[in-house]
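Asker: I grabbed these lines from TrEMBL:
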{"type": "TRANSMEM", "residues": "6-23", "note": "transmembrane segment"}
{"type": "TRANSMEM", "residues": "35-57", "note": "transmembrane segment"}
{"type": "TRANSMEM", "residues": "69-88", "note": "transmembrane segment"}
{"type": "TRANSMEM", "residues": "108-129", "note": "transmembrane segment"}
{"type": "TRANSMEM", "residues": "135-156", "note": "transmembrane segment"}
{"type": "TRANSMEM", "residues": "163-186", "note": "transmembrane segment"}
{"type": "DOMAIN", "residues": "231-345", "note": "domain 'Plastocyanin-like'"}
{"type": "DOMAIN", "residues": "512-620", "note": "domain 'Plastocyanin-like'"}
Amino acid sequence: MTANLITFDLVAVVLTAAAWLAAGTTAASRLSLPAAALTALGLLLTVARVALTVLLGTSGGWWFVQEKVVLELPLQCVTAVAAVALSAPRLTRAAMARTALDGDTTAVAVPLFAAGYAAAAGLVVTLLLGYPTTVAVALITVAVVVLAVVVTWRLLDGRPRGIMLSAGGTAVVLGLVGVLTTFAGIPKTDAGGGPAVAYPAAKGMSVASLTGPTSPRPGGTVRRYTLDARTATITLASGKRVAAWTFDGKVPGPPVTAVQGDLVEVTLHNVDIAAGVSIHWHGYDVPAAEDGAAGLTQEAVTPGHSFVYRFLADQVGTYWYHTHQDSNQGVQKGLYGSLVVAPRQAKAAPTDLTLPFHTFGGTAVIGDHDGVETRSAAPGSPVRLRVVNTDNVTHRFTLAGAPYRLVAADGNDLNEPGPLTRTALSLAAGGRYDLQLTMPSASVALLADDDRSGGLRLVPGGGKAAAPPDTTAWPDLDLTSYGRPAAQPVTSSSAFDRRFTLVLDQGLSLSGRTKGRDWTVNGHTFPDVPTLVVRKGDLVEMTVVNRSLATHPWHLHGHSVYVLSRNGDPVTGSPLKLDTFDIKPGEVWKVAFTADNPGLWMVHCHNLVHASKGMSLSLAYEGITEPFDMAGMHGD
Ligand code: C2O
Ligand code: CU
């Protein structure tokens, strides 16, 4: 609904601008009838825009209409009323008499053009600046409209007048004041309504000192891995060759596995990745120094150098790892792998498959298989499928041939998940789903994006898999109502210490750092988005609003969040603890977490193309200094 209204309003504003400008042009050409009709149309569309804005605000909230309510519509209404008052009487008279507009046309045409410029300015503000509109933006917009009107007037009128000069001069001054204020006073931090926290702390702990234990928990072992980051040409199952960036010459990289309580120790060595490399443990709440966010928690590892990551495998479930230096390019090219931690007690399902899904130049790959991969499983035996979306966009997974349960999302078990059939699972970029089923006596198919020429087949004993059904019509599971409620540490009625609001959009950065229509957070692009600051122990609510027409898989490092609501509707199923959640166009998500992992953490869109074009910020705890240089993090 909200997304549709955003689109309707964009169409409406284009039509409004066109109608008023056409009215002005026809009036200047003395065409009284078309000019009168276009004026009526412009007025009608202006009223429609007011109505659309009311609907959009009611449906989505203030973030979707702020710039329209405080700037665009007032400007539009003032100019439209002026046009009707100044131009309509003479136009209607001439049109009714079916004669050409006579006498001086300037006085009739200029107000119509003014209404057109106001509409066009509104379009530009919405497309390029959006939320939040500031006084600076308002000054610049009004100045541009006034200048355009003055120039039009001068051109139509043919002779200069004193009032033109003074109006134009005032506009230039206003515009300059606007431009100057844009660059002044961008806050460095956002305290979310809580007590201020200085960041970076002048003195305090370096994030690099925030390491964890160096030995496993009692009964655990040390899991040692060495991962060599290097370029390699890999061959997919079909024989297709891909020039990749790899860990150990493989894509995906070697699976990192552990049992709960083990100590994971990974030595990363960069052989020849010139852009540099690091390893981020996606979804794993490691100590900050081990988080691998190059530029924030460590320096990128350059060729010939190494870095050792060490953390306790306390969280059970399905996770993944990937480079976090020039991550857009690096992950796309293959610098990723899976991280799975098994519980110490329970024994694993006899068929337990970890299935990272990726695309290489449009070729869908599960593990290192493009095309169909077939595995066998004994009928009646339990099967666990761990699907990891390592790609940049949402993918849809369907399982045909047996009822299944979605038992975990982002590594966290769901409470009492019910059986599912003919139901699709749409998985955010960066997210993970664990599916559990009992192997039937016929074959089972797991499809990605309903593609029957690829995916996984499970066959009972040997034999061939049956052709999977067409799954395109299967509805998506709504995660917010799946499973059963249970107690969770934070709810919407918790007493929050800080509430942050992040409005995601596409436009120009207000700080002017980036060029073109980048992906913005509260009107800024990385690194100019104010850093969210917290104190250890704070209860934090985060509202994420998507004003744009693209989906944003929102990801927070170092913490998993509980979903409180989506578009105002509370979660009615199992508690949803996620580290990556898809915010579709027009959606508003409220999530919450406890600030219990001191450090500096990235918060960003996991469509890494968006992250590299600005949609990224950081979260800082009190008392942490900032020792590194963020320059290359997501690349661009
Ligand atoms: Cu999986 Cu900052 O990312
Ligand atoms: Cu995004």
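A Cβ is built for glycine as well, from the same backbone N, Cα and C atoms used for every other residue.
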Asker: Check the transmembrane segment (35-57) against the transmembrane segment (108-129) for contact, please; criterion is three or more CB pairs under 8 Å, pairs 6 or more apart in sequence.
Answerer: yes
Asker: Excluding the flanking five residues on each side, which residues at least 6 beyond the ends of the transmembrane segment (135-156) place their CB within less than 8 Å of a CB in that stretch?
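Answerer: Those are 24, 28, 67, 70-71, 75, 79, 105-106, 109-110, 113-114, 117-118, 121, 124-125, 129, 164, 167-168, 170-172, 174-175, 177-179, 181-182, 510, in sequence order.
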Asker: Within the domain 'Plastocyanin-like' (512-620), what mean pLDDT does the predicted structure show?
Answerer: 95
Asker: So how many of the residues in the domain 'Plastocyanin-like' (512-620) end up helix, strand or coil by DSSP?
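Answerer: Helix (H, G, I), strand (E, B), coil: 5 helix, 54 strand, 50 coil.
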